[in-house]
Amino acid sequence: MVAFGKKLKERQIQEWQGYYINYKLMKKRVKQYGHQIEVGTLDRRHVLKDFSRMLDCQIEKIVLFLLEQQGLLAGRIAKLNEDQDALQQEPDIAKLSQLRENYRDVGRDLLKLLFFVEINAVGLRKILKKFDKRFGYRFTDYYVKTRANHPYSQLQQVFKHVGLGAVVGAISRNLHELQEHQGSFLSIYDQSVLPLEQDSVVDAMKAAVDRLSHSTNFLNFLAQHALIMQEELPTPIEESIDDKRYHFMSLILNLANTFLYMINTYIIVPTADDYSMSLGAPATVCGIVIGSMAVAQVFSSVYFSAWSNRSYFRPLVFSSIALLIGNVMYAMAYDFKSITILLLGRLFCGLGSARAVNRRYISDCVPLKLRMQASAGFVSASALGMACGPALAGLLQTEFKIYKFTFNQNTLPGWVMAVGWFFYMIWLCISFREPFRPTQDTNVAPQTSDVLKAEPTRNDALEKGLQQPLLPSTEANQDDEDCGSDDESEGSRGPANSLRSAYRLLTPSVKVQLLIYFMLKYAMEILLSESSVVTTYYFGWSTSSVAIFLACLGLTVLPVNIIVGSYISNMFEDRQILLASEIMVCVGILLSFHILVPYTVPQYVCSGLIMFVSAEVLEGVNLSLLSRVMSSRLSQGTYNGGLLSTEAGTLARVVADVTITMAGYLGQKTLLNVTLLPSLVICITSILATCFTYNSLY
């Protein structure tokens, strides 16, 4: 990866070159400060004052140019409005068409200005991060807090862009009124929603403004669960390449794979204990039965991620075949009376886990304007699959025999999923289209002038609000220029080539967030995997009752994300939600313990609901933060950020399921408390780690 300073220079609009943040000068000044402090010619207070003044001057230069350009755009729009008024008196189709094109030209120039703001915002965060790392001082916090709401500060102009929003609104309104339906007497304000056919320039402008906005919406919050990493610096994109790679039905097939896989994972949870006992094993062996799929997924995630570098179709076909074989083996284990075949069947299912391919397809092949919706669809498909799995198991309460094969509540999940994967494979072979893979020539970065024709990429790391620092100050990302000069070669700064090198790119704050992810997945797996054993022992629940309980938990995922994404995340800082949800997970675990008083259904259901919902909130906020502080070198290649998070969550599930099986040797009477104890310890550890690195999470 080319260093930031070089990328910034390459992506500048040449005619505006003198108005960008002078990143190279400020980088040299930071090095000079370090040397002068070492030799004793400068003290720290003088450095802070001088650097603050330099930043103020840089921001003022950016803002004054921004205001000047806004004025020019406003003048052009005013002139076009006069032309439009004249055409209202004497309509002329040719002139109307030319007027629409003139408005689009203004919109394209506005895109250049939005791109200018976005690049400078990234540059500000980068240089502040460099200063904090060099001197070990929380300068970012000081600088943002002192200038966030000060009446003379111009920092707000870079991020609030009220004037730019007004220009976007003016262009959008006039283009709407100049659409083909000139005969309508309705104005844009008389319609509750905009027409389905939006002008492409308007779409591009709105997408660019969304990247710079402070608020979080439901789709954005939900999409962050997918942890699909993006490059930090906005880049003009050739839409023609996106169009060649994107195929709607192929995306649907990827989401269907995710949906079916999650059903496959959880459909056996209500009956795993009964199935184990029918084969002569203890009920608590259900932990190994459920967890064996996760064991195989630890390895399958790596080779599927590597395989997706060359193809998407073949990995999905292999996934379908492995899951088909695994489910047939799982179902046939009953008639063969073999726990070994049962476990091998689940291992085969885990070897078919193609979630790395599903993520990679969205990241590589879905156009930027649809990527957030596709990521949200990936998360929604996972959540719905998690809810449908136990619900489907609750419906399969019948028993019959065909030839020598038994069909009952234990084997039907395997047979049903085998049939599902068979039909999915047929659909895949008929409808999937291998995406176009650009050659070396098509990968050449487009010139900056292409901003006029293309939309800048989504920058997930832009600010959520001025109350937050512009970047994590103690982050020691290897992708920053401290590791080398701006002329550093691409090969030495490319993606990680092994799990070990990927782990070395993780900063302390990222490791804490992966620990949080491990904790919440561990707690959720304990709750879900032992639910059938615990509820049968304490309450005598049937398989149907367990299935209803698990399905209800799964159905809370989307409503909870709607509330958090649309409201709570706009009222509180992410780090506040993070810590509060960790504490609530801890409360849910504590309430789940069986101590002295008789264990009741309300206690179990309420504590489980608190734990599960809090863990869901925690997952969304944690992955949102993780995507913003993880090294940009982990946004590409086989060993990317998505793979690391998947491995952390999968390992948590494996450890949880092994814990359930080992605790079973102590008897079902102590199973609940023994399995909850590690959850409590890990949860408290993660809370302490969060408090210790509280500031470095931003």
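All positions are counted from 1 along the displayed chain.
Backbone N, Cα and C atoms are what each Cβ position is placed from, and that goes for glycine too.
Here's what TrEMBL has on this protein:
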- 477-489: compositional bias 'Acidic residues' (COMPBIAS)
- 2-145: domain 'SPX' (DOMAIN)
- 464-497: region 'Disordered' (REGION)
- 251-269: transmembrane segment (TRANSMEM)
- 281-304: transmembrane segment (TRANSMEM)
- 316-333: transmembrane segment (TRANSMEM)
- 339-358: transmembrane segment (TRANSMEM)
- 370-392: transmembrane segment (TRANSMEM)
- 412-430: transmembrane segment (TRANSMEM)
- 514-540: transmembrane segment (TRANSMEM)
- 546-565: transmembrane segment (TRANSMEM)
- 577-597: transmembrane segment (TRANSMEM)
- 609-626: transmembrane segment (TRANSMEM)
- 671-695: transmembrane segment (TRANSMEM)
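Confidence for the domain 'SPX' (2-145), expressed as mean pLDDT, is 80. Sorting each residue of the domain 'SPX' (2-145) by its DSSP state yields 126 helix, 0 strand, 18 coil. Proximity of the transmembrane segment (339-358) to the transmembrane segment (251-269) is established through 3 or more Cβ-Cβ distances under 8 Å for residue pairs spaced 6 or more apart.
The stretch from 251-269, 281-304, 577-597, 609-626, 671-695 that makes the most Cβ contacts under 8 Å with the transmembrane segment (546-565) is 609-626. Between the transmembrane segment (370-392) and the stretches 251-269, 281-304, 316-333, 577-597, 609-626, the greatest number of Cβ pairs separated by less than 8 Å involves 251-269. For the transmembrane segment (251-269), same-chain residues at least 6 beyond its ends with a Cβ under 8 Å from one of its own Cβ atoms are 275, 289-290, 293, 312, 316, 319-320, 323, 327, 330, 346, 349, 352-355, 357-358, 361-362, 365-366, 374, 377-378, 381-386, 388-390, 392-393, 413-414, 416-417, 420-421, 424, 427-428, 431-432, 528-529, 531-532, 546, 550, 554. If you look at the transmembrane segment (609-626), the same-chain residues 6 or more away from its ends with a CB under 8 A from one of its CBs are 221-222, 224-225, 227, 510, 513-514, 516-517, 520, 523-524, 527, 553, 556-557, 560-561, 564-565, 568-569, 574-575, 577-578, 581-582, 584-585, 587-589, 591-592, 641, 645, 697. Long-range contacts of the transmembrane segment (671-695) within the same chain, counting only residues at least 6 positions beyond its ends with a Cβ under 8 Å from a Cβ of the stretch, are 138, 141, 284, 473-474, 508-509, 512, 515-516, 518-519, 522-523, 526, 530, 533-534, 537-538, 575, 578-579, 582-583, 585-586, 589-590, 592-595, 599, 656, 659-660, 663-664.
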